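In what follows, a structure is listed as structure tokens, so that the remarks can point back to it.
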């Protein structure tokens, strides 16, 4: 196990890996629903049920794929090799938005979306995102490096979201109305090319320094059941999982419904890209600031500030009637999302250290898997909820102008549910005192001293 520090190039290359899965995730989250309802003309209730069901399957696949990744041994490391799954991810993403000519009936279109979406999300997206998140603890032991890697990941995610918000709708509209398929195909090809490029950058520019083995001294693998037992009474871990679950529930429902709000409540589909771009640009700016703020303030304090910004943004949206009002919403939302997303996932290595200090077992893989499981369960629940919002509101893809009742429901449900989810996340954030900066440094020192004396269950 080496003690050399990670370079800036390595941290930026690691950030490129976040672009791979987040660009696909953001594109699907923001635009798959309008594509299915307004281009393929699939019933809104059917497609939301399909998406929610696949999301639940996706959450389960996190555990399975991470367990396989934990047992992987290659010349490129344990987790790094999995990043190359970004290449088939890009190809399947293109198929998602290609609408082959043989799809002439609704049943065939629904089947196509089901098959492609199942391959794309539970298999390919998971095989990139789960090993990627687990890789942080194998790249450095230094807490500052780990914070920088986490911030680079958050920066990569925000950059991916900004690219999607800036490029997707203009590319689609460049080739005609957004209900025509040509623009969607070109857009998917461009986004897929960016994903492949970032996959190669991340794979070639990163290095796993710390060898983590899930074996006992006799060579016997630690079972999945034993790993889970070590987490059973781990309070900071479960509080962090709750924080991530509620934050992602907010994130998914706000991302899924804002496009509809912009098109129908504000009446301007061309505003979608600039408004989303403002939010993601603010998120990037705040993420960059985290390289400084993360060293100055406690993480749970930054979570509280971020949650407050998100709640304030949603309260403002209740009365937003113009581009300016929606812009204020996006700027506040971007600031809150930047703080919350960057800090919450930066706490995963801290919880990993706490667990290792408490049990003597390093569980970076399973901790990351359960975190992504929580992400996707939050996404599945809020995706299903968003579909019900559209059904309750009486949304119809056949109407270019929705009824007054539909518009009012879109205006109310989007901020109200987001506020409920974030309030729960804020309450849990108040309780994250076990992974303060001073406490984590103490855990790390104790772990290192145990390693020197040979008092370890796992071999690193």
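Using the three backbone atoms N, Cα and C, a Cβ is placed for every residue, glycine included.
Unlike curated records, TrEMBL annotations are generated automatically.
Per TrEMBL, transmembrane segment is recorded for 12-33 (among others).
The transmembrane segment annotation in TrEMBL covers 45-69 (among others). Beyond its flanks by at least six residues, the transmembrane segment (45-69) meets 32-33, 36-37, 78-79, 82, 110, 113-114, 117-118, 121-123, 125-127, 130-131, 134, 224, 365-366, 368-370, 372-373, 376-377, 379-381, 383-384, 386-388, 390-391 of its own chain at Cβ-Cβ distances under 8 Å.
Tertiary proximity for the transmembrane segment (81-98) is limited to same-chain residues at least six positions away from its ends with a CB under 8 Å from its CB atoms, namely 17, 20-21, 24, 27-28, 32, 35, 69, 72, 74, 113, 116-117, 119-120, 124-125, 127-128, 130-132, 181, 184-185, 187-189, 191-193, 195-196, 198-199, 202-203, 206. Positions annotated as transmembrane segment by TrEMBL: 81-98 (among others).
According to TrEMBL, the transmembrane segment annotation covers 110-137 (among others).
Annotation source TrEMBL lists transmembrane segment at 158-176 (among others). Taking Cβ pairs closer than 8 Å, the transmembrane segment (158-176) reaches residues 15, 18-19, 22-23, 26-27, 30-31, 182-184, 186-187, 190-191, 194, 269-270, 272-273, 276-277, 279-281, 283-284, 287, 338, 341 in its own chain, all 6 or more past its ends.
Taking Cβ pairs closer than 8 Å, the transmembrane segment (182-203) reaches residues 13-14, 16-17, 19-20, 23-24, 27, 35, 39, 76, 80-81, 83-84, 86-87, 89-91, 93-94, 96-99, 132, 156, 163-164, 167-168, 171-176 in its own chain, all 6 or more past its ends. Taken from TrEMBL, the feature transmembrane segment covers 182-203 (among others).
Residues or ranges marked as transmembrane segment by TrEMBL: 237-263 (among others).
Long-range contacts of the transmembrane segment (275-294) within the same chain: residues 30, 147-148, 151, 154-155, 158-159, 161-162, 164-166, 258, 262, 302, 323, 326-327, 330-331, 333-335, 337-339, 341-343, 346, each at least 6 residues beyond the stretch ends and with a Cβ under 8 Å from a Cβ of the stretch. Here TrEMBL flags 275-294 (among others) as transmembrane segment.
The transmembrane segment annotation in TrEMBL covers 301-320 (among others). Long-range contacts of the transmembrane segment (301-320) within its own chain (CB-CB distance under 8 A, at least 6 residues past either end) are made by residues 243, 250, 254, 261, 290, 293-294, 326, 328-333, 335-340, 343-344, 411-412, 414-416, 418-419, 422-423, 425-426, 429-430, 432.
If you look up TrEMBL, you'll see 326-348 (among others) marked as transmembrane segment. Non-local neighbours of the transmembrane segment (326-348) in the same chain are 133, 136, 146-147, 150-151, 153-154, 157-158, 240, 243-244, 247, 251, 254, 262, 266, 271, 275-276, 278-287, 290, 294, 299, 302-303, 305-314, 316-317, 320, 367-368, 371, 425, 432, 435; each lies 6+ residues outside the stretch with a CB under 8 Å from one of its CB atoms.
TrEMBL lists 360-392 (among others) with the feature transmembrane segment.
TrEMBL lists 412-430 (among others) with the feature transmembrane segment.
Non-local neighbours of the transmembrane segment (412-430) in the same chain are 239-240, 242-243, 246-247, 249-250, 253-254, 257-258, 261, 300, 303-304, 307-308, 310-311, 314-315, 317-318, 340, 378, 382, 385, 389, 392-393; each lies 6+ residues outside the stretch with a CB under 8 Å from one of its CB atoms.
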